[in-house]
Amino acid sequence: MKKEMLAMILAGGQGSRLGVFTKRIAKPAVSFGGKYRIIDFVLSNCSNSGIDTVGVLTQYRPLILNSHIGMGSHWDLDRINGGVYVLQPFMNEKEGNWYNGTAHAIYQNMDFVDTYNPEYVLILSGDHIYKMDYSKMLKFHKEKGSKATIAVIEVPWDEASRFGIMNTNEDSSIYEFEEKPSEPKSNLASMGVYIFDWKMLRNYFKEAEKNPEINYDDFGKNLIPKMLEDNVGMYAYPFKGYWRDVGTIQSLWDANMDIIKSPETLDLADPKWKIYTNTMAMPPQYIGKNANVHRSMIADGCRILGEVGNSVLSHGVVVGKGSKVIDSVIMPNVVIGENVTIEKAMIGECATINDNVQIKNVNNEINVVSEYENIEPRCVLIEGGL
């Protein structure tokens, strides 16, 4: 069945800068905000934008991510005509390779896209936190007569050299793309959100297929510069909302803190734009008689007998008597014993922090504890990780 636009979510990245949190799972499957996994945001954006056909391109350690997505029913994507499809690298009669880059991942799945013969294809990163109506971006794409539209967001000038920067004319047309420029001319950073006319993009892939010397493996490094060289009509779509690339431990911690310290920046309670997830069947949270909880997100299944402040606790977390959890992100099913102090830390899934452990914030560095780690009683962790 022909679709006007389908979405392809790039979700195969390892996320090596997240260190211990991606040892066993893909970056888009990392827990966020007490209740969610990172990929929930783009899946919810697709559903809320009226996009009913979504391909999720996985590669690195996909088991938990695949299980989380399932049939897509939690995002209303279990459709007869459309739905969500998990697409992994595969072999055919000629070749079989891992995805070599963002564009190569789409190229390998041309047959899937052709099944729906869309006018447009929406390319998304599965590891960013934001809420966006893609139908508005598509409207912009049509109004401009664009062949390729890239969503951009203004970043602080002193941070612009960390991003792929789009240099634009007054009409928002893009005349130059610079990857992490040392002296940026603009502060419009690419969000990794693209709309392409499918026939045009497909023609580029077919050109590379015929000529082994042509490399279109990556959108930012290869394909977008080539399109600009060919004077393809390319426009920058300005996005004004909250957006964060949670590619590092610091940025992941910052984004979690944003939802408790400035909840208006990323309103998770907005009834008009809900963020859906594959929820766990767990009892309500329990707050003990002598517990003290302030400015925190506490998920279902938590049992709080101590103090929790300025923190995000995922489902199934236990905080024992006399324990304090301050300025921290605690991932699912962590058990914290009695008389424990945890300050400015990120604790991985299913870790056990035994009685009288001290995890202290000394130099304002984030303390990190690996998933499934067992911290022995009376250990002291200062400015570091396990």
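Glycine is no exception: its Cβ is also placed from the backbone N, Cα and C atoms.
Feature list (source: Swiss-Prot):
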type: BINDING; residues: TYR99, GLY164, GLU179, LYS180, SER190; note: alpha-D-glucose 1-phosphate binding site
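Taking the features listed in Swiss-Prot, we show where each one sits on the structure.
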{"residue": "TYR99", "record": "alpha-D-glucose 1-phosphate binding site", "CB count, 10 Å": "23"}
{"residue": "GLY164", "record": "alpha-D-glucose 1-phosphate binding site", "CB count, 10 Å": "21"}
{"residue": "GLU179", "record": "alpha-D-glucose 1-phosphate binding site", "CB count, 10 Å": "12"}
{"residue": "LYS180", "record": "alpha-D-glucose 1-phosphate binding site", "CB count, 10 Å": "12"}
{"residue": "SER190", "record": "alpha-D-glucose 1-phosphate binding site", "CB count, 10 Å": "22"}
Exercise. Which value in Å gives the longest Cα to Cα span across the alpha-D-glucose 1-phosphate site residues TYR99, GLY164, GLU179, LYS180, SER190 as recorded?
Worked result: 23
